[in-house]
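Lifted from Swiss-Prot, the feature list:
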- Asp168: active site, proton acceptor (ACT_SITE)
- 373-384: compositional bias 'Low complexity' (COMPBIAS)
- 46-306: domain 'Protein kinase' (DOMAIN)
- Thr203: phosphothreonine (MOD_RES)
- Thr315: phosphothreonine (MOD_RES)
- 347-371: region 'p38 MAPK-binding site' (REGION)
- 337-346: motif 'Nuclear export signal (NES)' (MOTIF)
- 366-370: motif 'Bipartite nuclear localization signal 2' (MOTIF)
Amino acid sequence: MDVETAEEQGGPAPPSGVPCGPCSAGAPALGGRREPKKYAVTDDYQLSKQVLGLGVNGKVLECFHRRTGQKCALKLLYDSPKARQEVDHHWQASGGPHIVRILDVYENMHHSKRCLLIIMECMEGGELFSRIQERGDQAFTEREAAEIMRDIGTAIQFLHSRNIAHRDVKPENLLYTSKDKDAVLKLTDFGFAKETTQNALQTPCYTPYYVAPEVLGPEKYDKSCDMWSLGVIMYILLCGFPPFYSNTGQAISPGMKRRIRLGQYGFPSPEWSEVSEDAKQLIRLLLKTDPTERLTITQFMNHPWINQSMVVPQTPLHTARVLQEDRDHWDEVKEEMTSALATMRVDYDQVKIKDLKTSNNRLLNKRRKKQAGSSSGSQGCNNQ
């Protein structure tokens, strides 16, 4: 059956009380590679028009396993070498720690075109930073940030041990299994993943706010791209805003490129005043502009701030409050990244490295101006 027809005939979703079970007894083993099933996906799953998200190469829809009633996520990719590469890399990683599992893959027709349909576990807990945003007045601590970074690092370590570079590690690709307190954080979307061999990666595709410096120039890059992204995510976790910004409203600007390539960022007060030196040191090691000097994933996992996360101070951070106050800007940044994902390519000629005495961070400037205005009327302090 054509997928389009199946969507129209999907009918109501199964009731929430239907017991859940594994979506498919034929799910691949850890790191397995398999051929897609050739029969109709609708034989096994009831499709919904509910869009759960947008990946690099295709949209993600809600679906239900007909036998068990379990809610799953379906990603639709039009068949191409790039799509098959995404499926292959995700299949190799599926079942690894803190990585979204593939449950089934089908090869069907959709709009008279051959497509691949990836059935994945449904991540009902939402995005990493949305979860922190929604905490309200409940403090988010440095120890919690360390535990989150350890989980993300565990996923990257699994990939790198199998010579896979994810190349698009960013907040939107980090999802929770549920809204429960003990939900597991997992990495998804292998649309830009590549196997790392003796030929270093050179394809200029990336998400601009989390892109390593060497991606912006003619240098080769490899797994160290993921390490740079870990540094940016860790920075945001500890303060609520990223270290680099485009001040022009573009997804990525020449000024932002220069700041990234020069590694120009700071640890401004008050957001960073109480953050431990161990955390700042780890960020510096991850954001090294020379990929050969950047930490490997093994070194990252062995860093005291990560492997001794239980003794990291429980210092309350500004992160949740900053994310809430700047929610509109954060959404704008995400929209810019989404639109840039599939279309942006690097123009090396625009990269002109000049020494910048200060970093002009648009969001930070706005925050400082607002703080200056409020401090004139009140001497109180917020030590969240």
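In case you wondered, yes, glycine gets a Cβ from its N, Cα and C as well.
Taking each Cβ in turn and tallying the other Cβ atoms within 10 Å, the top scorer among the recorded positions Asp168, Thr315 is Asp168. Rounded to a whole number, the C-alpha distance linking Thr315 (phosphothreonine) with Asp168 (active site, proton acceptor) is 30 angstrom. Thr315 (phosphothreonine) carries neither a helix nor a strand DSSP state and counts as coil. Confidence annotation: the motif 'Bipartite nuclear localization signal 2' (366-370) carries a mean pLDDT of 66 in the model.
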